[in-house]
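Peer 1: In case it's useful when we look at the structure, here is the feature table from TrEMBL:
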TRANSMEM  A:27-45  transmembrane segment
TRANSMEM  A:57-75  transmembrane segment
TRANSMEM  A:82-100  transmembrane segment
TRANSMEM  A:106-129  transmembrane segment
TRANSMEM  A:136-154  transmembrane segment
TRANSMEM  A:174-195  transmembrane segment
TRANSMEM  A:225-248  transmembrane segment
TRANSMEM  A:260-293  transmembrane segment
TRANSMEM  A:305-321  transmembrane segment
Amino acid sequence: MDQQTQPLIQVETIPRGRALLRFVRQLAFALISIAVLVVVFGFLNPRFLSPVNWFHIAQQVAVIAILAIAQTFIIATAGIDISQGSVVALSSMICAIVIVDTHLGIVLGILLTLLLGALVGAIIGGSVVVLGVPPFIATLGMLAIALGAALLTTNGTPVFGLPESFQNIAQGTIAGFPNMGWIAIVLALISAFVLNKTRFGRYTLAIGSNPEAARRVGINVPRHLMLIYILGGVISSLAGIVYLAYTAAAQPTSGANYELYAIAAVVIGGGSLFGGVGTILGSVLGALLMTILKNGTQLAGISSYVEQVILGIVVIGAVYIDNLRRRLR
Amino acid sequence: MLTTRLMLAGLGAAALTAGAALTAPQADAATPSATVAALATPAKPAKHYHFELITKSNASPYWLAVRDGADAAAKKFGVTVNFEAPASGLDLAGQIAMVNNAVTAGTDGIILAAQNPQALLKPVKSALAHRIPVVTVDSGLSPNIADCFLATSNVGAASALAKYTAEHLMNRKGQYAIVDFNHTASTGIARPKGFMLGMKSYSAIKRMGPIQYSQNSVSKGLRIATTMLTQYPHLDVIFGANDRAALGPAEAVQRAHAKVKVVGFDADLGEIAYVKSGIIQASILQSPYDMGYYAVVAMLDKLAGKTLPKRINTPYFLLTPKNLSSAKATAAIRQYAPNYKPGS
């Protein structure tokens, strides 16, 4: 391999065994925390371990996991997307309106919604790349725009009456496992492949580590960032569709604060807000950890206030241990 | 006497003769309903029951009052009530998850204030299928599939408030505007509806602009009302559909030194201060504490094999600056703030 022309790829060419070890270490915090929580909650209420509860956990984690996957790509470029919550709201409103009010059908409803996600992503990407607005501000703006647009669609009223077949997208099952869980898993597998095994993924991490170096080796950074935000928008709107199918009601205010959970999931999973680091599996585990915490505290009869405190400690702890690990290396 | 007459405005002659401070309002049309008197006083159950109380959000004074009532009943009858709620009243998926989790946890009964009357149907059906009784409080389901629904008659109370407002605050003419807190909850839908219904009989009274939504945020309500004050210079009354939605406009009126009167729902301590200063001229006080308390009682009745009425109207009280210092007002305010002392 020619080091002169492809110095960035070289980072990835460490021996396979060490790469795996590094991968496991990166996920250690999330994995150990999940294991501890499962043991503790299983002890406090044996029903926590029952299959039906894991079925519910799979349903409850899906939307956050999907959002966390989108967030992983964006954070890997040292960006951030705080508009996800209201993009979920806008997407679910549009999807519901298309399906319920216009009778264009479920498939078209979903496609149009994903297209809307792409448009939202393109607007964010355009603001970042063309206008030079920092991602935090660009998505802060989009947070307001999407929420306002969601409220405008029906002047604030919710939309009901989604057909059963649409609700099955989330509520149905394949092989005894909830469909929304499958959606998250399939998306995670594809995304993990894209982020780790393709040029697109390596460019993403390279831009996050050092945009200047990435530019110098010939990566079209603006174009790549644009694609990342469009991808992020499409995945976020997918989360909106799944959310809609799960709740069976489109509300212009749904999804509020979900972006924060998604960011927390990425951070718990070893992602760095400074970019260049992050794995899809880690982020999904981060989302799973938060969901188990919510579910388990309720089953164990622990106050939901305590749950929020624990969640905060976990987020800070995750970053602290991550820093420690880096220093020790 | 004045107190009694004021609060009974719109309630009808039957209630008038009853003359009680906390009178159950007439039912919403077409729903047969009962009062809390329909519930038996349960004996201490043989088994130690665990109930889940799932409200719309976990930090609003209103829901905490419901929790306090449920806790008091729990203590009295030797049961445990776990309080669960999403951090935000807008996290529908969170609330659905909580009901599902409660079913998994094998709870003995679920007391629920539904964020959305339709979206919670499925999880509640699943609970009922697992033979877990469900009692809804404040915000119910549509259709009402719960074993029992305890709430204020929101349409009735809001329309009584409108009649009082028209007769005593507007002299039967003028302009009003509405700040609602949420357009998806059954309460958020019923109250503006009831208020407009009550105003309908006054042809010289006009509603200005569309209903505005404060999304349960005082600061948003403040902003909306501030705009209203400029937009409609001849506005007489702003109706805020809950505590948060009344506080924002009250704050706006105070800051602008406007002549507009605010009428609303509920009584957190902030609202009581505004009633004292006369900016809030009337407020419907519900019985959140009783809702929580009697929800537990209803649950125990159900588990003891009794048949529950599908709908129980909990009492409300019309608080005004004039009756604020009455004993009845104190009792009504204590539904929200158990330690409230008049003059404090």
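Cβ atoms here come from the backbone N, Cα and C positions, even for glycine.
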Peer 1: Do at least three CB pairs under 8 A connect the transmembrane segment (A:305-321) and the transmembrane segment (A:260-293), leaving out pairs fewer than 6 apart in sequence?
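Peer 2: Taking Cβ pairs at least 6 residues apart, the transmembrane segment (A:305-321) and the transmembrane segment (A:260-293) are in contact, with 3 or more under 8 Å.
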Peer 1: Do the transmembrane segment (A:27-45) and the transmembrane segment (A:305-321) share at least 3 Cβ pairs under 8 Å, sequence separation 6 or more?
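Peer 2: Yes, the stretches contact each other.
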Peer 1: Is the count of Cβ pairs under 8 Å between the transmembrane segment (A:82-100) and the transmembrane segment (A:305-321), pairs 6 or more apart in sequence, 3 or more?
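Peer 2: Checked: the transmembrane segment (A:82-100) vs the transmembrane segment (A:305-321), no contact.
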Peer 1: Report, as numbers and ranges, every residue of the chain located at least six residues beyond the transmembrane segment (A:136-154) whose Cβ falls under 8 Å of a Cβ in that stretch; write 'none' if there are none.
Peer 2: 80-83, 85-87, 89-90, 93-94, 97, 120, 123-124, 127-128, 252-253, 259
